[in-house]
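Per TrEMBL, substrate binding site is recorded for 8-15, 21-22, 60, 87-90, 98, 114-115, 183-184. Residues or ranges marked as active site, tele-phosphohistidine intermediate in TrEMBL: 9. Annotated active site, proton donor/acceptor per TrEMBL: 87, in sequence order. Annotation comment: TrEMBL describes 182 as site 'Transition state stabilizer'.
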Ligand SMILES: O=C(O)[C@@H](CO)OP(=O)(O)O
């Protein structure tokens, strides 16, 4: 039996402003920093001590891991990072306001872009200032591997090689593994772990900053489907808030980009 802990980064500045983020390297908000610290505290209280940490290459996940580990006095843990744990690339929607996008294109299209399994948003142009093709951190990747847009199915495809090649070997060696990543890269992993259908995954949302713990059997399948949030009550409320992002009553308060 192995223990796997999934942690979505704390609220980012663009989460707070209601903007599609994807691969844009946005930092945590003040609230996100507090959520990350709370995540570390929850791990400590539950007596869960990871042996190894995996993060994406984006600072909101990296800083969440650092803050949570600092809180749990575990800053010394080995950490590995991969672009394969990055957020889903949101294509031409990156930087756009969710509520305005919903108003402009309608509820149906908004939901398809946000939560359908296999329909990606329109691609971002390579010369767009919010494209990642020229970022130093991806310089080692062949250009064709850098997404211009992704649907969740694309995220499953690029995340699973990392799961099998880097995370499963840690679990097989009896290490407790902490993965600090993103709403949609974690949805992709949960879809795989819990064997969720392409249709049902549309309804699954992951809250920021609350550790989700899975005990896995010898085949790395969950003993309990869905795992367990360390703060189930807070998770329930936060899941609802993620689901309702972009809804009229829930417009981002910050700058509006068209
Ligand atoms: O903007 C994003 O990158 C993601 C996560 O914050 O948003 P959503 O929940 O709408 O997929």
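For all residues, glycine too, the Cβ spot is worked out from N, Cα and C.
What TrEMBL annotates, mapped onto the structure for a quick look.
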{"residue": "8", "record": "substrate binding site", "Cβ contacts under 8 Å, 6 or more apart": "180, 181, 182, 183, 186, 206, 207, 208, 209, 210"}
{"residue": "9", "record": "active site, tele-phosphohistidine intermediate", "Cβ contacts under 8 Å, 6 or more apart": "28, 32, 36, 58, 60, 61, 63, 64, 180, 181, 182, 208, 209"}
{"residue": "11", "record": "substrate binding site", "Cβ contacts under 8 Å, 6 or more apart": "28, 29, 31, 32, 35, 208, 209"}
{"residue": "14", "record": "substrate binding site", "Cβ contacts under 8 Å, 6 or more apart": "20, 21, 24, 26"}
{"residue": "22", "record": "substrate binding site", "Cβ contacts under 8 Å, 6 or more apart": "87, 88, 89, 90, 91, 93, 94"}
Near ligand 1, which of the recorded positions show up if the criterion is a Cβ under 6 Å from one of its atoms? Options: 8, 9, 11, 183. 183
According to DSSP, which of helix, strand or coil covers residue 11 (substrate binding site)? coil
Please give me the CB contact count at 10 A for residue 182 (site 'Transition state stabilizer'), counting all chains in the structure. 27
If you run the three-state DSSP split on residue 183 (substrate binding site), which class comes out? helix
What number of additional C-beta atoms lies within 10 angstroms of the C-beta atom of residue 98 (substrate binding site)? 24
At 10 angstroms around each C-beta, which of the recorded positions 87, 88, 183 has the fewest other C-beta atoms nearby? 183
